[in-house]
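S.K.: Mind having a look at this structure? Questions to follow.
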Amino acid sequence: MFNSIKLKSALLSVVLLVLLLGVWEGIYQAPQDSKPLTEYELLMGGATQEARVPPPSEIIKLGYEELSDPFYDAGPNDKGIGIQLGYSIYRVTVGFLLAALIAIPVGFLVGMSPLMYGALNPFIQVMRPISPLAWMPLALFIIKDSEISAIFVIFICSIWPMLLNTAFGVANVRKDWVNVARTHELSHIKTALLVILPAAAPTILTGMRISIGIAWLVIVAAEMLVGGTGIGYYVWNEWNNLNLASVIFSIFMIGVVGMFLDMTLAYAARWVEYQE
Amino acid sequence: MNTHFLQVQGLKKSYPGPGKSPETVIFEDANFNIEKGEFICVIGHSGCGKSTILNILAGLDEASDGVVIMNEKEVSGPSLDRGVVFQNYSLLPWRTALQNVTFAVQARWPEWSKERILEHSHRYLDLVGLKGAHDRKPSQLSGGMRQRVSIARAFATQPQLLLMDEPFGALDALTRGVIQEELIKIWTESKQTVFMITHDVDEAILLSDRILLMSNGPKARIAESVKVSIPRPRKRTDIIHHDNYYTIRNHLVDFLVNRSKLVSEDESAKQPYPKEITFPE
């Protein structure tokens, strides 16, 4: 029963998790019962009492509470974790899809035409290394809407990996397959749809996977800046409240959602994969 | 005004040399005709430009000089009238065997109904002996089966001229023998005009009506055109007993080993190529 590698690694994962949480729990010392404060301490606001990173048990308890009612909405500063994550996922999805809508056709163009590649490459090379957050002030000034600005930042950061991968995939379609299309007198559009797109699809999907990963990294930072809603704002807000259990729980949730986003695209990639 | 199905006149392929150095001539002054229904094989050493000639006939490559005339029309660009079987099969790996054939059939007859396309494609896959493997992807097929799919795809579009670039080059001897026989069978039924490149002297004798011999490159020529005067139907086991088999075989091997080098050096001769050679039956 315990001889398959998969099962053994799963077991080892659980052991490591328990060990890690156990050590964390063990080194946690609850703040000592404070003696009556001296006048000086009172003046200093009891500053000697340190805030401590909460133990796992406290975080799990909070997590359970949050997840049992994830969608409550009690005003602008008190929304459930589900709502906050929902806002972030919504922004990432919209920005990502808009980027795909532009990156894939432009990538096709760049990949198929050496002329367009030469003409657009300098722009791409300069724009690509710009941190997406550097666009934020300009976006806020021009768009004058924090919501759309956040989406724009996602858009601008997801466009490059998709564009470059599409161009690379399209440019490297095996010449033989293109020749097959040519000897069958396929039109340019049919060649693109029937031969080049399926041939380049795995590379394009890889680009999309990289993009959504980056988009999920960037949305947290973007929401910390624009505020209002979203998981990034939530983490920052809980930090301001010095609610560290909440901060740690959110960090964990960001990881889980990011993993699911990646898995979705990995699953989609399996549909277009082929073996030569 | 001309009666040949396909005419190749003064064909030349050259690449400009680096800087001011003279151009590299792969082959030049290639002249030959093909009649309707003929099976032609081309033999020559690597680098003599066989594949380039085939690609020019297919319209995938451009000649530096000379013309190709098919059906009294000059060939320019690829066309469904000229089907190609590539050396490396060139199947689309994301499509099944059947879908690879329907791809071609649909391109050839866009007005056909789905049922008709399917029926036609199934028929040609069965013809090459692929019953039961129609729904497999190329990655699940052996090399020999892939080449059969490729042959089925080419024959299914019923091109006027079928071009085959070393179709059996990557196959083991046993598989090769089986597919050669299938090719003869389909060819006999369809009476297709075939232009095929091969390295294999025995394969050329078994399959073709005429063999074009190319001299070594650079500046290669189509030096000889040897008629295979062995009656059809031919079987690999029987033709070796025919009187002409070894005469032709020795002639071909002698050309490849000895004379193929000499032609390119023999600039002064200026004789019209190719020399027509026939051994009486």
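Using the three backbone atoms N, Cα and C, a Cβ is placed for every residue, glycine included.
Annotations for this protein, taken from TrEMBL, read as follows:
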- A:85-265: domain 'ABC transmembrane type-1' (DOMAIN)
- A:89-111: transmembrane segment (TRANSMEM)
- A:123-143: transmembrane segment (TRANSMEM)
- A:149-170: transmembrane segment (TRANSMEM)
- A:191-208: transmembrane segment (TRANSMEM)
- A:214-235: transmembrane segment (TRANSMEM)
- A:247-269: transmembrane segment (TRANSMEM)
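Any idea what these are sitting next to in the structure?
M.R.: Same-chain neighbours of the transmembrane segment (A:123-143): 110, 149, 152-154, 156-157, 160, 163-164, 218, 221-222, 225-226, counting only residues six or more beyond its ends whose CB sits under 8 Å from a CB of the stretch.
Within the same chain, residues 96, 100, 103-104, 107-108, 111-112, 161-166, 168-170, 172-174, 177-178, 180-182, 265, 268-269, 272-274 sit at least 6 positions outside the transmembrane segment (A:191-208) and bring their C-beta atoms closer than 8 Å to a C-beta of that stretch.
Cβ atoms under 8 Å from those of the transmembrane segment (A:214-235) belong to residues 76, 79, 81, 83-85, 87-88, 91-92, 95-96, 132-133, 136, 140, 146-147, 149-150, 153-154, 157-158, 161, 247, 250-251, 253-254, 257-258, 261 of the same chain, restricted to positions at least 6 beyond its ends.
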